[in-house]
Each structure stands twice: as C-alpha cells, then as structure tokens.
Amino acid sequence: MLAAAFADSNSSSMNVSFAHLHFAGGYLPSDSQDWRTIIPALLVAVCLVGFVGNLCVIGILLHNAWKGKPSMIHSLILNLSLADLSLLLFSAPIRATAYSKSVWDLGWFVCKSSDWFIHTCMAAKSLTIVVVAKVCFMYASDPAKQVSIHNYTIWSVLVAIWTVASLLPLPEWFFSTIRHHEGVEMCLVDVPAVAEEFMSMFGKLYPLLAFGLPLFFASFYFWRAYDQCKKRGTKTQNLRNQIRSKQVTVMLLSIAIISALLWLPEWVAWLWVWHLKAAGPAPPQGFIALSQVLMFSISSANPLIFLVMSEEFREGLKGVWKWMITKKPPTVSESQETPAGNSEGLPDKVPSPESPASIPEKEKPSSPSSGKGKTEKAEIPILPDVEQFWHERDTVPSVQDNDPIPWEHEDQETGEGVK
C-alpha cells in the first residue's frame with residue numbers, strides 16, 4: 001500500500017526523460033517532499049536499532065573469545081555482525097542522504113564505491129550463512145564430538161569469504177560514475193557499447209552467485225542439520241548436546257530465512273532495472289526505495305534474532321552488562337589499603353609443583369650446617385638431656401626407621417634378652 005502510494009507520487013512528479021536512466025549510489029531524483037522525508041527517516045530508525053543490537057552481539061562474542069578459545073560458529077556470527085555494522089555505519093547514512101536530495105553532491109568516489117560496498121557486504125553475509133550452515137551440519141551430526149579448529153583455519157575462511165565477496169560486484173565499481181543530464185549532476189551506471197554484452201551477462205549471473213546458489217546450499221545444509229537433530233540420543237549427555245544443537249540450528253535457520261525474505265524485493269528491483277527494455281515500464285521508485293530499506297533492515301533483524309532465540313547470547317548480555325556495572329575505579333581508601341594487603345595476597349600465587357620454590361622450607365631435608373645455623377640464629381639454649389636424646393636418635397640405623405614390620409623384630413629382641 002505504501003509502495004503503491006510512492007509509485008503514484010513518483011510517476012507524477014518525476015521527469016519522464018529520466019525513466020530510461022540506470023541510477024546508482026542510491027540516487028533517485030523526485031520532486032515529492034514526502035518521499036524524500038519518509039525513506040531517510042526509516043533508514044535512520046533502522047540504523048539506530050541495528051547499531052545497538054550489533055554492538056551488543058559483537059561485545060558478547062568478543063567477551064566470550066577473551067575468556068576462552070573462539071569457535072568457528074562464533075567467529076562466523078561475529079563476521080556476520082561486523083558486515084551488518086559496516087552497512088549501517090557507512091552505507092545506510094549515504095543512502096539516506098542521497099534519497100533526501102534531488103542532485104548528487106556526494107562526490108565521485110562515493111558514487112563509484114557505494115553500490116560496490118553494499119553488494120560486497122551483502123555477498124559476504126550470504127557466503128557466511130553458507131559456511132555457517134555447513135558447520136552447523138557438522139556439529140549436528142555429532143554434537144558430543146569436540147572439534148578443535150585452529151585460528152589459522154578461521155582466518156583463512158574469513159579472508160576467502162571477503163575476497164570472493166569483493167570480486168563479485170566489481171563491475172559496478174567500474175561503470176558507476178557521475179554524469180550531467182539536462183543540467184543536473186547524477187550518479188549513473190554508464191556502460192559503454194563495448195561492454196554491453198558483458199554487463200548483460202553480469203546482470204544475469206550476479207544474482208545467481210550472490211543470492212541463488214548460496215541460498216540453495218544453505219537450505220540444503222540446514223535441512224540436513226535439522227534432520228540430524230530429530231534423532232534422539234541414548235545418553236543424557238548426548239541428549240543435552242542434541243537439544244543445544246537443535247536450538248543453534250533453528251536460530252541460524254531463522255537468520256537465513258529472514259535474510260532471504262527481506263533481501264528478495266531488492267533482487268526483484270535489481271533484475272527489473274538491469275533488464276529494462278527500451279519500451280518497457282520502469283520499476284516504481286517507491287518500490288525501489290522500500291526494497292532498499294528492507295535490505296538494510298536485515299542488519300537490524302539479525303542481532304534481535306540472536307538475542308531473542310539464543311539463551312547463550314542472553315546470558316552473555318547479562319554478563320557483559322554486569323561486568324560493565326561492577327567495574328569501577330578504586331577509591332582512595334581501597335588504594336591505601338592495597339599495600340597492607342599485599343603480604344596476604346602473595347601466598348595465593350602458588351608456584352608450580354615442578355619448581356623448587358614450591359617445596360616449603362620445613363619439608364626440605366635438614367643438614368647439620370643448616371640446623372646449626374638456625375640454632376645459632378634463634379639463640380635457644382640446648383639442655384643436656386635433649387642433646388643426648390637427639391644424639392641417640394641420630395645413631396639409630398635408618399633401617400629400623402623404615403622397617404615395615406617392627407613388631408617382629410621387637411619380639412626377637414625380647415626373646416634374646418630373656419635368654
């Protein structure tokens with residue numbers, strides 16, 4: 001309904017000569033003041049919600065990684081949140097600014113890089129969801145198995161994702177430029193005659209590579225992972241791991257479904273624009289603008305899904321919030337009491353058993369020189385009876401001290417004495 005209203009206002013207010021132009025960078029000229037106000041306001045609201053949500057998710061993941069070794073799924077979710085945050089920080093404000101103006105005044109570099117950067121982040125998210133689905137299937141196949149993944153493997157996967165994602169939309173960077181049309185400066189996709197066939201092929205393959213195939217493989221792995229979660233384990237520990245695996249699978253599957261549904265209108269508008277015939281109807285600009293808003297709203301929906309559906313993220317959010325509240329700078333009284341308590345805090349740091357310092361002095365074998373030194377240091381007088389007692393004790397053979405059956409020897413000694 002709102003899109004239809006936008007379409008009516010745009011068709012009546014927009015210059016008919018602009019209909020055949022392929023705009024870029026979010027530039028859509030229109031004389032409708034309502035259209036210029038509502039779309040930027042929606043984008044600002046999406047940015048605020050998504051910014052707070054993604055910061056919470058990133059803070060929780062970094063806090064968990066600081067406490068222990070990061071997992072592959074957590075690293076991929078972190079990559080997803082970073083891509084969302086990048087879109088909300090760098091792309092959505094530019095889109096809102098471009099929508100609010102009838103002339104392009106954001107510069108040549110922003111015109112060339114705007115669409116490329118958006119599609120790079122979106123393709124990176126799409127590829128990340130595929131890898132998440134694969135890892136989720138591996139985890140669901142054997143939840144009790146502890147998989148150790150090196151940091152090198154995690155970094156290699158992330159670098160590969162961003163490299164492929166940045167190369168796929170590269171033609172948009174090449175052919176987006178600023179042009180003057182009827183005295184108005186615009187950001188357009190200007191394809192020369194030599195590259196028309198190549199760009200026609202790009203317009204068909206890019207949606208398949210960035211959206212169609214990743215969605216197919218992600219659905220395949222999520223379906224297999226969910227099928228594995230239906231098999232009940234026999235042991236209590238396996239059942240607990242299986243329940244957790246099912247929760248993770250459902251959460252990540254929800255991320256994939258919501259992302260696909262909110263991204264689908266943008267692909268409809270994109271294909272419509274890229275395959276527009278000379279005499280064919282142009283897509284309504286209200287539909288194009290709303291499809292962009294829905295695409296950016298994915299970045300706000302993802303952190304909400306994580307925080308609502310994952311108990312781990314909710315507990316992590318509580319832990320981070322508690323850590324932020326309880327972490328206060330030491331007061332003057334506490335800083336003055338610290339030196340006095342240092343002597344009591346040192347024994348808590350017990351050295352390792354392998355080190356010589358871990359053996360207390362009272363348990364070390366005493367030598368005559370050390371015993372003499374301690375006696376002289378203490379200056380305690382030795383009585384004659386005590387000295388004779390220790391002298392007789394030292395002269396007793398060590399075999400009797402270590403005799404496991406001393407009662408038999410005592411009987412023998414007693415018998416010899418009677419004889």
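Cβ from N, Cα, C; glycine included.
Annotation comment: Swiss-Prot describes 1-41 (among others) as topological domain 'Extracellular'.
Marked as N-linked glycosylation site by Swiss-Prot: Asn10 (among others).
The feature N-linked glycosylation site is assigned by Swiss-Prot to Asn15 (among others), with sequence analysis given as support.
Marked as transmembrane segment by Swiss-Prot on the basis of sequence analysis: 42-62 (among others).
The topological domain 'Cytoplasmic' feature in Swiss-Prot is assigned to 63-71 (among others).
According to Swiss-Prot, the transmembrane segment annotation covers 72-92 (among others).
A Cβ distance under 8 Å defines the sequence-distant neighbours of the topological domain 'Extracellular' (93-116), meaning residues of its chain 6+ beyond its ends; these are 24-31, 35-37, 39-40, 43-44, 47, 169-170, 172-173, 176-178, 184-187, 289, 292, 296. Residues annotated as topological domain 'Extracellular' in Swiss-Prot, with sequence analysis given as evidence: 93-116 (among others).
The disulfide bond annotation in Swiss-Prot covers Cys111-Cys187, and the record cites sequence analysis as its basis. The number of other Cβ atoms within 10 Å of the Cβ belonging to Cys111 (disulfide bond), over all protein chains shown, comes to 25. DSSP classifies Cys111 (disulfide bond) as helix under the three-state reduction.
For 117-137 (among others), the entry in Swiss-Prot reads transmembrane segment. Counting same-chain residues at least six beyond the ends of the transmembrane segment (117-137), those with a Cβ under 8 angstroms from any Cβ of the stretch are 72-73, 76-77, 79-80, 83-84, 86-87, 90-91, 157, 161-162, 164-166, 168-169, 172, 206, 210-211, 214-215, 217-222, 224-225, 228, 248-249, 252, 255-256, 259, 263, 295, 298.
Marked as topological domain 'Cytoplasmic' by Swiss-Prot: 138-153 (among others).
If you look up Swiss-Prot, you'll see 154-174 (among others) marked as transmembrane segment. Long-range contacts of the transmembrane segment (154-174) within its own chain (CB-CB distance under 8 A, at least 6 residues past either end) are made by residues 24, 70, 72, 75-76, 79, 112-113, 115-116, 119-121, 123-124, 126-128, 131, 189, 198-199, 202, 206, 209-210.
The DSSP breakdown of the topological domain 'Extracellular' (175-201), given as helix, strand and coil counts, is 10 helix, 12 strand, 5 coil. Feature annotation from Swiss-Prot assigns topological domain 'Extracellular' to 175-201 (among others); the stated evidence is sequence analysis.
The transmembrane segment annotation in Swiss-Prot covers 202-222 (among others). Below 8 angstroms of C-beta separation, residues 119, 122-123, 126-127, 129-130, 132-134, 136-137, 168-169, 171, 249, 252-253, 256, 260, 263, 267, 270-271, 274-275 of the same chain, each at least six residues beyond the ends of the transmembrane segment (202-222), sit close to that stretch.
Here Swiss-Prot flags 223-252 (among others) as topological domain 'Cytoplasmic', drawing on sequence analysis.
Sequence annotations record features per position, and here Swiss-Prot assigns transmembrane segment to 253-273 (among others).
What Swiss-Prot records for 274-286 (among others) is topological domain 'Extracellular'. Note on the topological domain 'Extracellular' (274-286): DSSP counts are 3 helix, 0 strand, 10 coil.
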Query raised in the report: Going along the chain, which residues at least six beyond the ends of the transmembrane segment (42-62) come within the CB cut-off of under 8 Å?
Result: 70, 74, 77-78, 81-82, 84-85, 88-89, 92-93, 95-96, 99, 293, 296-297, 299-300, 302-304, 306-307, 313, 316-317, 319-320
Report task. Take the Cβ of Cys187 (disulfide bond) and count every other Cβ within 10 Å, whichever protein chain it belongs to. Result -> 26
